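Pulled from TrEMBL:
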COMPBIAS  1-15  compositional bias 'Polar residues'
REGION    1-26  region 'Disordered'
BINDING   His142, Glu175, His201, His399  Mn(2+) binding site
DOMAIN    224-320  domain 'Peptidase M20 dimerisation'
Amino acid sequence: MLGSPSINPTRTNPRPSARGGLFESETDHPHFRLTMSLFFSNAMKDVVEIRRYLHQHPELGLSEFHTSDYVAGKLKPWAMRSPEAWPAPASSPPCAMGPVSVPLGYGRISMLCQSLKRPASIMPASLPAGCMPAATTVTRGHDGHTAMLLGAAGILAERRNFDGIVHLIFQPAEENFGGARLMIEDGLFERFQCDAVFGLHNDPGIAFGHFAFREGPIMASVDECKITVIGRGGHGAEPQSTSDPIVAGASIIMALQTIASRNIHPLDPVVVTVGAFHAGAASNVYRSGADMVLTIRSFDDHVRDELESRVRAIAEGQAASYGMTVEIDYERGYPATVNHKAETDYVRDVARRFAGEGKVFDMPRPTMGGEDFAYMLQEKPGTYFFLGTKRTENDPPLHHPRYDFNDDIIPTGTAFWVELVESRLKLE
């Protein structure tokens, strides 16, 4: 059980050397001492156990009821203020704490499980029936994010070293279901007034303890499309009496690749991915239909519109050239995640004071992945950034079946949330 951590940030603790330890910097400032205090504290061992418990008890998106109750139970000892009921059953209630003065915003954390098979060598010992251990840790590390914010909540509650209100949102259904959008539609910002929003995500591709920022677009919009080619089936010995949807489908797939190279400006990043193509099951039968599914990614709304227009035109035109038709189900997904300049500059400066100049960098380019924190940034100014967790050069990426959250980053992430709050809402 996680109790109120007793952390004295002014206490001197043993720390690893610059050459052989966890941190490169030998600066002796309060942020460093707080992180190291957490690293050696029993409280962080409790937070790690929370992370592992959440990993071993995953829930599917929009069904995180046990997780929500579990998180709420951890917050009660600190007298966090949270609503008794949230309008949508899929949404986890935020908690507000601290002396009421100046609203800050919130640290957004996601909770989710996806069905995904995982190698037995890293299978947790206990799992709910029917739910594979994918969620939080396997796919993105949201169990680690949740644990870090819980740890920060306990420290903030004990220290009370800030003047204002902090809303900590433990958001459900981040992957594919758009939990952020659902909470906004449920009246999140009407019920919990925020001046700014901040989101953190671990990244096993970034050096351990390093912070990555980017002003403007940092993650892409992600749309999905299903194209069904409607032909005329028949026997493999009589092609003249059929309309083969496999040939038409293959032509569509090849033509879709010309969108990026011939229809969109070379300096506008776009990706059109055909992830699956299904047609037929026997070697001597022409099936009457073929299905393909694709994702379409971009950063600009006008480009996004052009992409949809071209996907539709190519699918319809290619099918017509073979005497066939198509059915198109085109669904707009997450918008691009666009960081605001002032908030990005602010959090970057906090990170430089916290970790040292050498551990903070600006991403040279955005990532083509998608993120539903984008909906929050459409409503409020804020920024979304990454914290590196890399162990080795061979670390599996996010969403890989062998990905596992690096528990050693928990003290750093926890301490950074505390520093961000206490810097933003300084006591006078």
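Positions of Cβ are set from backbone N, Cα and C atoms, glycine also.
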Looking only at the domain 'Peptidase M20 dimerisation' (224-320), how are its residues distributed among DSSP helix, strand and coil?
41 helix, 31 strand, 25 coil
Among the binding-site residues His142, His201, point out the residue whose Cβ has the most other Cβ atoms within 10 Å, with all shown protein chains included in the count.
His142
Per DSSP, to which secondary structure element type does His201 (Mn(2+) binding site) belong, with helix, strand and coil as the options?
strand
